[in-house]
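Student: Dumping what TrEMBL says about this protein:
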type	residues	note
DOMAIN	11-345	domain 'FAD/NAD(P)-binding'
DISULFID	C57-C62	disulfide bond
BINDING	K66, G132, D329	FAD binding site
BINDING	G197, A198, G199, Y200, I201, G202, L203, E204, G288	NAD(+) binding site
DOMAIN	365-475	domain 'Pyridine nucleotide-disulphide oxidoreductase dimerisation'
ACT_SITE	H467	active site, proton acceptor
Amino acid sequence: MAPIADQKFMYDLLVIGGGSGGLAAAKEAVNLGAKVAVLDFVTPSPRGTTWGLGGTCVNVGCIPKKLMHQAALLGEAIHESAAYGWQVPDPKTIKNDWQALTTAVQNHIKSVNWVTRVELRTKKIEYFNALGYFKDQHTICGKMKNGEEKLFTAKNILIAVGGRPRYPDIPGALEYGISSDDIFSLEKAPGKTLVIGAGYIGLECAGFLNSLGYDATVMVRSIVLRGFDQQMANTIAQEMERRGVHFIYQAKPSKIEKQTDGRLLVNWVDKERQTHQDIFDTVLFAIGRKPLTEELKPEIIGLQLIPETAKIDVIDEQTNVPNVYAVGDVLHKKPELTPVAIHAGRLLARRLFGNSTEQMDYINVATTVFSPLEYGCVGLSEEAAIAIHGEEKIEIYHAYYKPTEFFIPQKDVSNCYIKVVAFRNGDQRVLGMHFIGPNAGEVIQGFAAAIKCNLTFPKLKDTVGIHPTVAEEFTRISVTKRSGLDPKPQSCCS
Ligand code: FAD
Ligand code: NDP
């Protein structure tokens, strides 16, 4: 136990930002005896959307996204169920009710906001609905909703303010566009939607909107899912196209105008500098996120930010100001993922208040893109492994497969594909695993633990599969790309 309670300060730890990283650190710190306060404040989106305590993941990120993805999967299941003998009405008459969906999603979120507030109270973490900024390196000014300002002093300060969607600097973007901050609570069904940006958020939103019955188009500036294995990323885009999502490649929006009927006229420019236009009901920007660090007045304490991105470079979550720490989406070159923010926050609290020396390991963090056919991965992509180690040292194993549950409804299996990236010689350590198919997140999570334990290709092959599952396909994989042999599905049960 290490309660610091330096009498000079009101708190041992003041957390700015009540999202995934900040709350995890706060809870761990109080468990270790520290006196903790959390400031959390949500500035409304340009459209005016706002939400409660808990940060991006709970309110406008992972949770509503996964629920909408689930709604989309259920729609797919209803259509398939007829093939399994369910007497469903004519599939053409089945429709999703947007208002009912958003109400259900928002009710769930409100219940999580409530539970979070109760948990903070029970744990005696002081919570203030206030926008914080630095007064000096131990003092934060918190601006409440009513404009009142309050000073908070703390021995240690944790920046966990996350980020918000960026908007491009084009006419009409801020006036007429929306972002992921708005889509999950949009009062009116989105209708024909243009999603600008082909990262995680762009593909996931376009995917569930299309599956819910809306016309969805993704505008891709360069490539889809930059940073991911490009063969897998292109397979995801191909599968989305097969399901009806439109893609406009190598294009950038240039102007959005509102027509008299309320619909949006969007102009964009292609790589030959030709201008095109089309009309949409909704334009959703998913072009990346901006960290909320400049609003903290970092210059007051000499806190250094990366000039191009305004992110914070840390060593072991410590900034260049010794008593000021940072976790989560504000960090330079670290994955912007909830479990990363949570784990880093928890470990930091243990180091500050629990005599721990354990550091956060940001390598080999698994992730999943919840596109209609999901893509989960951990470790290196094929191109990254080759760039780092050289083609001769790397073996790529790959396979197409047929999920058993796809047979009866005769679902298309052409993009059910997996890949293992491993060293070719020596212990043949596995460097990366990639899975496209149902429940990709569930499949990859376990293999991520195996990779953390230095999984080798022989050990993977020596693992007895669970039949009939899609995850067992990794234990059956054997064809190398180098061999040129056909990676098409092996027979079901041999
Ligand atoms: P946040 O959770 O963003 O919390 C920061 C909090 O600080 C916010 O409440 C903010 O309003 C508040 N704040 C900001 N400035 C101040 C200030 N000056 N004073 C007081 N409070 C302030 N990750 C996954 O792992 N899986 C997913 O499936 C996934 N899906 C996502 C889907 C979408 C649409 C989005 C947008 C993100 C998704 N993410 C996902 C990413 C995940 O949400 C973030 O990585 C995570 O929330 C980051 O946590 P954080 O603590 O850094 O910041
Ligand atoms: P990303 O950085 O992943 O993608 C941004 C996309 O927008 C890229 O395709 C980029 O293209 C494009 N783009 C950037 N600027 C412009 C512009 N001016 N005009 C047109 N296109 C542009 O950001 P996201 O917003 O999708 O996601 C942010 C983070 O949130 C992710 O990195 C991820 O960590 C997290 N997240 C995680 C999820 C999960 O775990 N399932 C789901 C959703 C989000 P280009 O490649 O050319 O730069």
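The backbone N, Cα and C atoms fix where each Cβ goes, and this holds for glycine too.
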Student: Find the one among the binding-site residues G197, G199, I201, L203 whose C-alpha lies closest to that of C62 (disulfide bond).
Tutor: I201
Student: Could you give the Cα-Cα distance between L203 (NAD(+) binding site) and K66 (FAD binding site), in whole Å?
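Tutor: Per the Cα atoms, L203 (NAD(+) binding site) and K66 (FAD binding site) stand 13 Å apart.
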Student: For G132 (FAD binding site), just give me the three-state DSSP call.
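Tutor: Assignment for G132 (FAD binding site) reads strand.
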Student: On the DSSP side of things, how many residues of the domain 'Pyridine nucleotide-disulphide oxidoreductase dimerisation' (365-475) fall into helix, strand and coil, could you say?
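Tutor: Taking the domain 'Pyridine nucleotide-disulphide oxidoreductase dimerisation' (365-475) as a whole: 35 helix, 31 strand, 45 coil.
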Student: Compute all pairwise C-alpha distances among K66, G132, D329, the residues listed as binding FAD, and give the largest one in whole angstrom.
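Tutor: Largest Cα to Cα distance for the FAD-binding set is 30 Å.
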Student: What count of other C-beta atoms do you get within 10 angstroms of the C-beta of C57 (disulfide bond), across all chains shown?
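Tutor: C57 (disulfide bond) is surrounded by 24 other Cβ atoms within 10 Å.
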Student: Sequence gap of 6 or more, C-beta under 8 Å: which same-chain residues meet both conditions with respect to D329 (FAD binding site)?
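Tutor: Correct list: G21, T56, G162, G163, R289, P291, E336, A341.
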Student: Looking at the recorded positions K66, H467, which one has the fewest other Cβ atoms within 10 Å of its own Cβ?
Tutor: H467
Student: Roughly how many Å lie between the Cα atoms of G132 (FAD binding site) and G288 (NAD(+) binding site), rounded to a whole value?
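Tutor: It is 24 Å, counting Cα to Cα.
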Student: Just checking: which of the recorded positions G197, L203, G288, H467 have a C-beta under 6 Å from ligand 1?
Tutor: none
Student: Which of G132, G197, G199, G288 has the fewest nearby Cβ atoms, counting only those within 10 Å, among these binding-site residues?
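Tutor: Counting other Cβ atoms within 10 Å of each of the binding-site residues G132, G197, G199, G288, the minimum falls on G288.
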Student: Which one is it: of the recorded positions C62, I201, L203, which Cβ has the fewest other Cβ atoms within 10 Å in this structure?
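Tutor: With the recorded positions C62, I201, L203, fewest surrounding Cβ atoms within 10 Å: C62.
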Student: List the Cα distance (Å, whole number) between I201 (NAD(+) binding site) and K66 (FAD binding site).
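Tutor: Just about 12 Å between their Cα atoms.
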Student: Using a 6 Å cut-off on Cβ distance, which of the recorded positions C57, G132, I201, L203 come close to any atom of ligand 2?
Tutor: I201
